[in-house]
């Protein structure tokens with residue numbers, strides 16, 4: 001027995017309560033996620049109050065996804081602490097995996113939405129560059145906005161201006177749906193594997209995590225590339241406002257590349273959070289607690305910078 005209590009082979013699989021260092025790490029992350037969720041939803045309410053006629057723009061959806069993903073992260077951390085102590089059967093039969101993967105998918109969708117906005121800006125014609133770059137302060141705003149002097153010709157657009165979807169937004173929705181389908185497929189396999197058909201649930205989780213980490217790595221690279229391209233285009237516009245915004249784009253692109261790459265590499269190397277709760281010594285507990293905090297805080301840092 002170690003200083004932090006008994007060490008079952010896999011406490012995360014229902015063998016006992018989590019040690020204090022891991023509980024502290026998850027508790028701290030839950031508090032931070034809760035604060036970010038509140039900030040994102042407050043920002044969403046503020047934006048909607050000043051821009052109600054535009055409906056659900058990409059800016060509003062972006063903040064909604066950030067708030068929702070952090071709420072689910074908070075629920076996951078709190079549930080992990082309770083579930084391992086109470087030995088919830090559902091938790092080890094797939095529910096814990098679903099709750100772990102869901103906020104990560106929402107995070108992926110939110111930054112795919114940001115990427116779609118940057119791609120739109122980068123591929124506009126030159127005569128639209130200055131006007132659209134100046135509107136970057138209203139980040140993620142749909143390009144369906146009616147221009148001065150042009151009246152709406154569609155009643156549906158007048159009543160529901162936020163329901164128009166471009167091809168890139170449809171792609172984001174497709175990725176979101178497919179991600180959840182794959183996640184639930186893995187969850188079902190984990191559930192089945194806990195029965196008579198013995199399937200290594202840890203192996204399934206590792207495969208899912210590895211694939212997801214590669215996708216995150218690609219997303220970080222894409223954000224960096226299009227962020228650099230957008231920065232280059234914004235540099236050609238002489239405006240004090242645009243000058244400020246271009247550095248925000250550059251910093252967000254750099255942070256996205258560093259954080260997403262670090263998070264993906266850490267997951268590929270350590271298999272966090274899938275095998276986080278395998279330990280046998282006090283040193284393992286401290287190491288796992290640190291890895292847990294670093295892995296999730298990297299994602300939180302991206303939220304803070306966005």
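Cβ from N, Cα, C; glycine included.
Per TrEMBL, the range carrying the annotation transmembrane segment out of 138-158, 285-305 is 285-305. Between the transmembrane segment (96-119) and the stretches 20-42, 171-191, 211-231, 285-305, the greatest number of Cβ pairs separated by less than 8 Å involves 171-191. Taken as a whole, the domain 'THH1/TOM1/TOM3' (28-135) shows an average pLDDT of 84 in this prediction.
Taking pairs at least six residues apart, the transmembrane segment (285-305) and the transmembrane segment (171-191) share fewer than three Cβ pairs below 8 Å and do not count as touching. Residue counts for the domain 'THH1/TOM1/TOM3' (28-135) under DSSP (helix as H, G, I; strand as E, B; rest coil) come to 99 helix, 0 strand, 9 coil.
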